Amino acid sequence: MESMLTLAMEQPVKRNTLKKYKIACIVLLALLVIVSLGLGLGLGLRKPEKQGSCRKKCFDASFRGLENCRCDVACKDRGDCCWDFEDTCVESTRIWMCNQFRCGETRLEASLCSCSDDCLQRKDCCADYKSVCQGETSWLEENCDTAQQSQCPEGFDLPPVILFSMDGFRAEYLHTWDTLMPNINKLKTCGIHSKYMRAMYPTKTFPNHYTIVMGLYPESHGIIDNNMYDVNLNKNFSLSSKEQNNPAWWHGQPMWLTAMYQGLKAATYFWPGSEAAINGSFPSIYMPYNGSVPFEERISTLLKWLDLPKAERPRFYTMYFEEPDFSGHAGGPVSARVIKALQIVDHAFGMLMEGLKQRNLHNCVNIILLADHGMEQTYCNKMEYMTDYFPRINFYMYEGPAPRIRAHSIPHDFFSFNSEEIVRNLSCRKPDQHFKPYLTPDLPKRLHYAKNVRIDKVHLFVDRQWLAVRSKSNTNCGGGNHGYNNEFRSMEAIFLAHGPSFKEKTEVEPFENIEVYNLMCDLLRIQPAPNNGTHGSLNHLLKVPFYEPSHAEEVSKFSVCGFANPLPAESDCLCPHLQNSIQLEQVNQMLNLTQEEITATVKVNLPFGRPRVLQKNVDHCLLYHREYVSGFGKAMRMPMWSSYTVPQLGDTSPLPPTVPDCLRADVRVPPSESQKCSFYLADKNITHGFLYPPASNRTSDSQYDALITSNLVPMYEEFTKMWDYFHSVLLIKHATERNGVNVVSGPIFDYNYDGHFDAPDEITKHLANTDVPIPTHYFVVLTSCKNKSHTPENCPGWLDVLPFIIPHRPTNMESCPEGKPEALWVEERFTAHIARVRDVELLTGLDFYQEKVQPVSEILQLKTYLPTFETTI
């Protein structure tokens, strides 16, 4: 009640005050109107030529304006410049765009670009001259073009190709800040874009830029990091050293050379490798790197290259911006600096598109806008110090998000350095350790990061947002960084494209940047050099593909291992459950399938056709069983692959238990080509595993089809823990989630860790006094129908794949499984070694899905697809 009384007493006072304010405002408003009218009338009475304006009078020594103001070069020293001298005569020489004030200006020799009436004739107009000064619709405001044909002006017989890189532009930026980037967002809307483009590992600037113009993995083209040492050259490479211009570092054939070798000209405005005489040649036109050159000047120069006479004009161009990478390092990916940088690069990109439109090239040029990698936030309290693991640091370390360790004394100790001991000392040391140490050959095969002497043998795979460094003296933390696992969402890069060759208003699934080189060759209609990409896998980006892929032709034909005798000629295998030859003959007779049974098992267990063998001189035969089919390699004495289909769990009864300690010889395989059971003695670290799991059989009798020597593969005992858990638990889970899966699995031999199948002589080197070679890896490819209402064997459309390439090692130290059940680490281990079907093909010499009724280019999309499990950014 007291507060209400107080309020009532104050109201009269407030009303009086309000009345005074109203009167004061009315008086001020009246005065403002009078002053405005006075100024307007006063100015209106003066003649324009006596206003003292420098418009069209800049640096005219004879001009005298109002009160004798001047516009000549010395007016500032005299202090008699006209009021608009700075804006008209000085500022106009510093900007790259027109405005209404500049339109029709007197030509200024010092201008960056011109808005004078004769600029079109003299080819020095600012990029937006037509839209600002002649009233044409700007590129940004123009509707998306939907013409099916190229709209090139006279003199442009074929569309030029512009490759534009914005360093460190992570894909998420375009989703989060799209409204702040109207020009780039329009390109995304009108053209084609991927959800993201995957960078190669390590996700660094030089390796990925060179990969983009090469189609090669860093291990193949030699630029394996921004900083590296080559023991053969005995030199160090860094971004700040002159060594980066030494052609000895740069292997392969970059895009500009591919174009030049086939009669085209190429121009690069900054690109890693363009300043080195690779194969003895530079690009037709190139600019030495200078980070201080304004983005607008770079764009203006590229536009001038497009103005060159036809005989001199390049067909292929590159453009490079350091942003938003520079700002991302300084402030982190979520910062005001990055937002400002995105606006700057968007403005510069808009200048390019406006300049193209002014030349009527905006629907003629094929332009690709991409990035080399993304950006991750780092923190100074997320650092792993090697001094916490070693009492003394006696090695050299490349620090950061993708660390490598080598000998400190080089070249003397380079090859003798004990890398294995370093990895052991860094493995499973802490429960909350934020990196995994690897010997480089043991890294996930999908990375293709091993076969190069510049890749040091010790590698640390670091958790997101963490850095690994030598000691606490390293304070280079905070802000942003990159180089991490290329599956991290923060490392995802942008890819957008627009032009007469590209589809419009389309989003495509992610792909890897090794595929861009082949795409650019197709745009230029030239033949690519050999590369790691899969030619034709990006045909779905194009309106009319230039290259039509076909399935690889099989190199080694198969035979059928025939059934001759129901009893083995000789055998050292035992199966106590088969007590006499009659029982043995009965189960062996099950291997003798009729043609109808063969047709039935092929339909279910090879729904996409058998894998074709692309290795030379491989003697192999097909072995048919009711529950699986395998391709048996006679020289290796083991199956090269086995294929079977696991139905959805609800479609089958509980599986019968497996008969223990039962093995017998496969009577279809001669003893000279078969494994012996005595090979797997208890005193060895090797035991036998089954490529097709006997427990997957639907009846107790049919499991005997799997308990045979032709289904055996050698496995380390520790590896079988992981292998068995996958087949008994995870495989059932995947089949349940996907309405059944087709499984193809087999051994891999990659002793020289080059990512390709080993030749027989390479395998023979590693037999170690045994007749059976030990695989370096095993692969598993799960295939299901993308439409989960269909099973694999009756899938009418697109397929889904889940391939794994699992290292075959004596220990499971990678997963630190001590005291943990398999449920806590096996699935994570498989996930860490996810791969593409194409990776499996390269490592096995097999070719998949040849009988799937689908265009080959779509099959290649499937083969180059890499499943990911990352959700955090």
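Yeah, the Cβs are placed from backbone N, Cα and C, and that goes for glycine too.
A quick note: this is a predicted structure, and the numbers were derived from the prediction, not measured.
Counting Cβ atoms from all protein chains shown, T205 (active site, nucleophile) has 24 others lying within 10 Å of its own Cβ. What Swiss-Prot lists as active site, nucleophile is T205.
Annotation source Swiss-Prot lists disulfide bond at C54-C71 (among others). In the three-state DSSP classification, C71 (disulfide bond) falls within coil.
Positions annotated as disulfide bond by Swiss-Prot: C58-C89 (among others). Following the DSSP three-state reduction, the secondary structure of C58 (disulfide bond) is coil. Around C58 (disulfide bond), the same-chain residues six or more apart in sequence whose CB sits under 8 Å from its CB are C71, F85, T88, C89, S92, E105, T106, L108, listed in sequence order.
Close to C82 (disulfide bond) in the fold, though at least 6 residues off in sequence, lie G52, S53, C54, K57, G65, L66, C69, R70, C71, C75, each with a CB less than 8 Å from its CB. Under the three-state DSSP scheme, C82 (disulfide bond) falls in the coil class. The feature disulfide bond is assigned by Swiss-Prot to C69-C82 (among others), with similarity to another entry given as support.
Per Swiss-Prot, the feature disulfide bond maps to C75-C81 (among others); the stated evidence is similarity to another entry. The Cβ of C75 (disulfide bond) has 19 other Cβ atoms within 10 Å, all protein chains considered.
If you take the C-beta of C115 (disulfide bond) and look for same-chain residues 6 or more apart in sequence within under 8 angstroms, you find S92, C98, N99, R102, C103, G104, E105, C125, C126, Y129, V132, C133. The disulfide bond feature in Swiss-Prot is assigned to C98-C115 (among others).
Residues or ranges marked as disulfide bond by Swiss-Prot: C103-C133 (among others). Neighbours of C103 (disulfide bond), defined as other CB atoms within 10 A of its CB across all chains, total 14.
The annotation disulfide bond is assigned in Swiss-Prot to C119-C125 (among others). For C119 (disulfide bond), applying a Cβ distance below 8 Å and a minimum sequence separation of six or more within one chain yields R107, C113, C125, C126, Y129.
The disulfide bond annotation in Swiss-Prot covers C380-C477 (among others). Packing around C380 (disulfide bond) is summarised by its Cβ count: 12 other Cβ atoms lie within 10 angstroms of its Cβ, all protein chains included.
Note on C621 (disulfide bond): other Cβ atoms within 10 Å of its Cβ, all shown chains, come to 18. In the three-state DSSP classification, C621 (disulfide bond) falls within a strand. The disulfide bond annotation in Swiss-Prot covers C561-C621 (among others) and is backed by similarity to another entry.
The disulfide bond annotation in Swiss-Prot covers C573-C677 (among others). With a 10 A radius on its CB, C677 (disulfide bond) counts 18 other CB atoms from all the protein chains.
Annotation comment: Swiss-Prot describes C575-C662 (among others) as disulfide bond.
Using a 10 Å radius centred on the Cβ of C785 (disulfide bond) and all shown protein chains, the other Cβ atoms total 23. Look at Swiss-Prot and you will find C785-C795 (among others) tagged as disulfide bond.
Looking at the domain 'SMB 1' (51-93) alone, the prediction's average pLDDT is 87. The annotation domain 'SMB 1' is assigned in Swiss-Prot to 51-93.
Feature annotation from Swiss-Prot assigns N-linked glycosylation site to N236 (among others); the stated evidence is sequence analysis. Counting every protein chain shown, the number of other Cβ atoms lying within 10 Å of the Cβ of N236 (N-linked glycosylation site) is 12.
Marked as N-linked glycosylation site by Swiss-Prot: N279 (among others). Over all protein chains present, the Cβ of N279 (N-linked glycosylation site) has 13 other Cβ atoms lying within 10 Å. Under the three-state DSSP scheme, N279 (N-linked glycosylation site) falls in the coil class.
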Quick one: pull the CA-CA distance for C795 (disulfide bond) versus T205 (active site, nucleophile), whole Å only.
-> 42
Distance, C81 (disulfide bond) to T205 (active site, nucleophile) (CA atoms, angstrom) | 49
From the Cα of C677 (disulfide bond) across to the Cα of C662 (disulfide bond), what is the distance in angstrom?
-> 11
At the level of the C-alpha atoms, what whole-angstrom distance separates N425 (N-linked glycosylation site) and N532 (N-linked glycosylation site)?
-> 35
If you draw a 10 Å sphere on the Cβ of C98 (disulfide bond), how many other Cβ atoms land inside?
-> 26
According to DSSP, N425 (N-linked glycosylation site) sits in helix
Neighbourhood of N787 (N-linked glycosylation site) by C-beta distance under 8 A, where only residues 6 or more apart in the same chain count | C795, P796, G797, W798
So among the glycosylation sites N425, N592, N685, N697, who's got the most Cβ atoms within 10 Å?
-> N697
